[in-house]
Amino acid sequence: MSQDSQHGKWTISSSDDDDDDLPPSGTAASKPHRPAVSNHSSIRSASPPGPKLEPVSATVEVKPEPAKPPVSSLVIGSEARQSAAMNKLNPVKYETSPSLAGKRKKEVSDGSGWALSDSDEEDGDVRSLSNLPKKAPPSPKAKKPKVENERPPSPHGRLYYIDEPDDFFESSIPCLNDTYRFYLNKVTGLDRKYNSGALHIRDILSPLFGTLKESVQFNYCFDIAWMVKQYPSEFRDRPVLIVHGDKREAKARLLQQAQPFPHVRFCQAKLDIAFGTHHTKMMLLWYEEGFRVIILTSNLIRADWYQKTQGMWMSPLFPRLPKGGSATAGESPTFFKRDLLEYLGSYRAPELEEWIQRIKEHDLSETRVYLIGSTPGRYVGSDMERWGHLRLRKLLYEHTEPIPGEERWPVIGQFSSIGSMGLDKTKWLAGEFQRTLTTLGKSSLRSDPLVHLVYPSVEDVRTSLEGYPAGGSLPYSIQTAQKQLWLHSYFHRWKANTTGRSHAMPHIKTYMRTSPDFTQLAWFLVTSANLSKAAWGALEKNNTQVMVRSYELGVLYVPSAFDMKTFPVHKNPFPVSSSSFGFPVPFDLPPTCYSPKDQPWIWNIPYSQAPDTHGNIWVPS
């Protein structure tokens, strides 16, 4: 089986392998126009024909994981979940086209590293690696010079980033949509109006929103030095607790990063199920004036706040409760306080106990969203509905209403990474996850509406602000894709003209149910959870148990919590109005189907026929 595009053809073998924890036992893929098969071999890919300028390498390094049976190494690259040793033999490179080299050619010529998690269901996040040389990598026998207190931000290289002008950041309270409190991040290089009412991390942490005393940063990827610089100077030495999931060497690197910053402490999340990750992204901010929660989709690295599309929910400022109140004081109609405390309690971490107590002392009653989290474990009985997609199903069942003609109301899922779905749609997507997404109230009707999946095509990535390196945060591998070609008929392009972000590749993850004319929403969810069983959970033991691998967190908007029947879709969300009742969907509706020539971005095959916006081609090896 094969798929064509203007970038060439990739050829796929059929596979009966449906073991989600292991790569396929045999895979086949092709370089453009030249199908090639590698069966349990370690053949490296040859360079594409034609002259090239100085190659720029970006090593993909994977954290060590439990030993697995030998897997085939494709001629076009290694899979994200192979061992660290294997990946050191198979670096990802992107090279400059001599005919269309962009003005940044020299700026990206340093070797900067980035790495993936050991999750078998790729989570779409990339890590910067510390202590890498600023100059081109030396020969394997030579020692690499250390770069003290400096970390490469992404596969772009250190010099890719341009400092934003001073007026990029807020100097006074910005005009924000207080109805939904859902915001996009600022994107460097956009027309100013598309950043009006969007937020950068420096805005979030600024004194405009409170006088900070302490904070907690839950996340997956960290650049500690960069993170500390985002705090305003007057708050830069205030205590910060980092909640992470790193183990072994990755944990040692993280602790090493923080050595110059004695105010930074750590809390390691327990990951007892193989291939799970700590993927939650949340800030807890404790001010002199109260307390605030931000649930978002961005890692704490420079690349995630530069030219990608991200989203966040920012809570109101929660005031302190009078002393002596009841245990249930300060609860919201959505039981957000109870659910946040339960989520924090799931870590079983002494470092979070003081924060649990602080939350109990604050009034969270203004919250109008529902919390949806995932925490690793196997759950039975009533506990099955505590986490993951069964939690979403329960909330939709209890807090939405059936809609006449609801079978014509499509479901949209939008994400930045895709896990293994099985041999056909009945294995998980339609048989389990779709049932959750199509729940509307207590209706006995089991509708089967259209499902639209929004995921960038190769052309979307190629023409993006970042060019091909944006694909480093979209780690859909050929090894996973080759097992589920049936999924690709669901795919729709990333287009976001209404928010000005068509060329800012999505790291945001959103799910929603829309009216047939795409003007109304039955509900909306923003979350860290990609399209994977590791994130959302999968039923086991004849549907009597659900297994969740990863930590994830998001917030669900339902119209009843806002005294509405449905949410109207905001057709022109920028510049932001503080009183708009239209919901600011991050991308264009209706979604645009892939054309026959489109293919989903797959990050470990080459794209060498057409250069990107910076004159680069993408050649994994």
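Each residue, glycine too, has its Cβ placed from N, Cα and C.
Automatic prediction, not curation, is the source of TrEMBL annotations.
Residues annotated as active site, nucleophile in TrEMBL: HIS279. Counting every protein chain shown, the Cβ of HIS279 (active site, nucleophile) has 31 other Cβ atoms within 10 Å.
The feature active site, proton donor/acceptor is assigned by TrEMBL to HIS507.
Using a 10 Å radius centred on the Cβ of LYS509 (substrate binding site) and all shown protein chains, the other Cβ atoms total 24. If you look up TrEMBL, you'll see LYS281, LYS509 marked as substrate binding site.
Feature annotation from TrEMBL assigns region 'Disordered' to 1-157.
Take the CB of SER532 (site 'Interaction with DNA') and look out to 10 A: across all protein chains shown you find 30 other CB atoms. Sequence annotations record features per position, and here TrEMBL assigns site 'Interaction with DNA' to SER532.
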Cα distance (Å, whole number) from HIS507 (active site, proton donor/acceptor) to LYS281 (substrate binding site) = 12
Distance [Cα-Cα, Å, rounded] between HIS279 (active site, nucleophile) and LYS509 (substrate binding site) = 12
Request  = Measure the Cβ-based neighbour count of LYS281 (substrate binding site), defined as the other Cβ atoms within 10 Å of its Cβ.
outcome  = 27
Protein Cβ atoms within 10 Å of HIS507 (active site, proton donor/acceptor), excluding its own = 27
Request  = Whole-number Å only: compute the distance from the Cα of SER532 (site 'Interaction with DNA') to the Cα of LYS509 (substrate binding site).
outcome  = 12
